Amino acid sequence: MTHADLQLAAYKRELRRSAVSVRDGIPPVRREELSSLVCHHAWQWLEETGADSVMVYVPFRSELDTRPLIERCWKAGRRVVLPRVHASSGEMTLHAVESWSELEPGTYGIPEPAESLSAVEKGSEPPVVFVPGLAFDARGGRLGYGRGYYDRLRARLYGASASGAEWKSVWVGLAYGAQILNEVPMEAHDAFMDMLITEKGILHCTAEGKGIDAR
Ligand SMILES: Nc1nc2c(c(=O)[nH]1)N(C=O)[C@@H](CNc1ccc(C(=O)N[C@@H](CCC(=O)O)C(=O)O)cc1)CN2
Ligand SMILES: Nc1ncnc2c1ncn2[C@@H]1O[C@H](COP(=O)(O)OP(=O)(O)OP(=O)(O)O)[C@@H](O)[C@H]1O
């Protein structure tokens, strides 16, 4: 690690700490109101795009609550795909889930698809991925918990093919407005979002600054 790497790592640690405290500082009742607005915007956008299958995260700690969105998808017959974390490899596998009863507490205590559920077949990954984050910026930059799960998921599924993709998907960060920062530091392996949804509505991320990883 160079001096610059160490500085960046320390800066990211500090940003994570402050992003968590901003999120924790939103009163729980307000968090639910904001979450419900964000889920509403996300749902309306899904209706416009017509995507019949979506990947969503199940919230933990003070994260934006995606459960209203998940339930709405189930009611409307949209397939809901949730990740299962494999801490030893750093990978996430994707599993279609049809009710809360198919979840069990996973790594980090986050509810995740039970081990018995089979993984989504290669080639039928969802065209929309809703992504959690501690902070985002208008370019689509994202700061997560620092384990690289979503970066690795994208790298694995977008695969080695230079042209990009067997798996074409729109990556959508879901966040409280207070989580949008001027600039989140990004490294070569970090996945950019295509869109952000906050209580204020939809933000299409700008392509500038995405570099060679842009889709
Ligand atoms: N709801 C949700 N699901 C998700 C994510 C997420 O951010 N939100 N993740 C997004 O990638 C992955 C889980 N990533 C996580 C990474 C670290 C920690 C964690 O507890 N970290 C410690 C710090 C020390 C350590 O790294 O172990 C902490 O915050 O106290 C939790 C989740 C996959 N599933
Ligand atoms: N495609 C990849 N293959 C292998 N390791 C990766 C890949 N992408 C990221 N990593 C590693 O994972 C870690 C991710 O760090 P980073 O600070 O970018 O996480 P993050 O995006 O904030 O967190 P998360 O995705 O867990 O919410 C780094 O140590 C990085 O080297």
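Every residue, even glycine, has its Cβ placed from backbone N, Cα and C.
What you are looking at is a predicted structure, and each value in this text was computed from that prediction instead of being measured.
TrEMBL has this to say about the protein:
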- LYS12, ARG13, GLU14, LEU15, ARG16, ARG142, LEU143, GLY144, TYR145, GLY146, ARG147, GLY148, TYR149, TYR150: ATP binding site (BINDING)
- VAL58, GLU63: substrate binding site (BINDING)
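Between the CA atoms of GLU63 (substrate binding site) and ARG147 (ATP binding site) there is a gap of 17 Å. With respect to ligand 2, the binding-site residues GLU14, ARG16, VAL58, GLU63 contribute no residue with a C-beta closer than 6 angstroms to one of its atoms.
Geometry remark: VAL58 (substrate binding site) versus LYS12 (ATP binding site), CA distance 24 Å. Secondary structure at LYS12 (ATP binding site), as computed by DSSP, is helix.
Proximity of the binding-site residues LEU143, ARG147, TYR149 to ligand 1, judged by a Cβ distance under 6 angstroms to any of its atoms, singles out ARG147, TYR149 in sequence order.
Between the listed binding-site residues, namely TYR145, TYR149, the fewest other CB atoms within 10 angstroms of a CB are found at TYR145. Largest Cα-Cα distance over the residues recorded as binding ATP, namely LYS12, ARG13, GLU14, LEU15, ARG16, ARG142, LEU143, GLY144, TYR145, GLY146, ARG147, GLY148, TYR149, TYR150, equals 21 Å. DSSP classifies TYR149 (ATP binding site) as helix under the three-state reduction. Its Cβ placed at the centre, VAL58 (substrate binding site) has 21 other Cβ atoms within 10 Å.
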